[in-house]
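Asks: First the structure, which I've put down as structure tokens, then a few questions once you've had a look.
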Amino acid sequence: MKIKLITVGKLKEKYLKEGIAEYSKRLGRFTKLDMIELPDEKTPDKASQAENEQILKKEADRIMSKIGERDFVIALAIEGKQFPSEEFSQRISDIAVNGYSDITFIIGGSLGLDSCIKKRANLLMSFGQLTLPHQLMKLVLIEQIYRAFMIQQGSPYHK
């Protein structure tokens with residue numbers, strides 16, 4: 001199985017880079033992880049709804065160009081389904097059993113994701129109603145993917 005993580009915006013914070021590097025290394029035992037950072041569009045202060053929609057569309061075009069036709073796509077969205085870690089682990093396992101070799105996770109930029117990305121997604125997933133920086137979500141998601149594999153292995157890491 002290969003996991004692809006598509007994110008909008010460049011990661012700048014050193015502490016986040018270090019955490020992501022650590023969990024990426026750990027994940028290497030279980031899966032190939034491909035991380036794709038796409039540039040975000042600059043959002044003007046007090047942007048209109050039309051400007052925001054235009055920005056989301058441009059970011060969506062970049063995202064769509066990186067999604068494989070046969071990828072199982074999980075998009076992070078506040079309105080998505082929340083899972084306990086054990087259920088998330090089982091979902092990842094089930095996706096592989098159902099014939100998907102590539103899982104693509106998508107984290108949008110500061111404005112979120114365009115509706116076309118949400119429609120393409122096989123699953124909308126949420127980590128709750130909290131608003132978190134999308135750069136931080138990258139670290140949280142990678143840790144949860146690692147945790148999912150550790151749960152599948154019966155490791156005490158999850159305790």
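Placed from the backbone N, Cα and C atoms, the Cβ positions cover glycine too.
For reference, Swiss-Prot lists these features for the protein:
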- L76, G108, F127, G128, Q129, L130, T131, L132: S-adenosyl-L-methionine binding site (BINDING)
Asks: For each of the binding-site residues (L76, L130, L132), count the other CB atoms lying within 10 A of its CB, then report the residue with the highest count.
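Replies: It comes out as L76.
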Asks: Can you give me the same-chain residues 6 or more apart in sequence from F127 (S-adenosyl-L-methionine binding site) with a CB-CB distance under 8 Å?
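Replies: L76, Q82, M137, V140, L141 - these are the non-local Cβ neighbours of F127 (S-adenosyl-L-methionine binding site), listed in sequence order.
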Asks: Sequence gap of 6 or more, Cβ distance under 8 Å: name the residues on the same chain that satisfy this around G108 (S-adenosyl-L-methionine binding site), in order along the sequence.
Replies: V8, L56, E59, I63, A75, L76, A77, D114, I117, H134
Asks: Looking only at DSSP and grouping its letters into three states, which state does L76 (S-adenosyl-L-methionine binding site) belong to?
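Replies: Once the DSSP labels are grouped into three classes, L76 (S-adenosyl-L-methionine binding site) ends up as strand.
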Asks: What's the longest C-alpha separation between any two of L76, G108, F127, G128, Q129, L130, T131, L132, the listed S-adenosyl-L-methionine-binding residues, in angstrom?
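Replies: Across L76, G108, F127, G128, Q129, L130, T131, L132, the widest Cα separation comes out at 16 Å.
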Asks: What is the total of other Cβ atoms whose distance to the Cβ of T131 (S-adenosyl-L-methionine binding site) is within 10 Å?
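Replies: Its Cβ shell of radius 10 Å holds 7 other Cβ atoms.
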Asks: Within its own chain, what residues at least 6 apart in sequence put their Cβ under 8 Å from the Cβ of Q129 (S-adenosyl-L-methionine binding site), listed in sequence order?
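Replies: Listed in sequence order: I78.
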Asks: Let me check the 10 A CB neighbour count of G128 (S-adenosyl-L-methionine binding site). How many other CB atoms are there?
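Replies: Result for G128 (S-adenosyl-L-methionine binding site): 9 other Cβ atoms within 10 Å.
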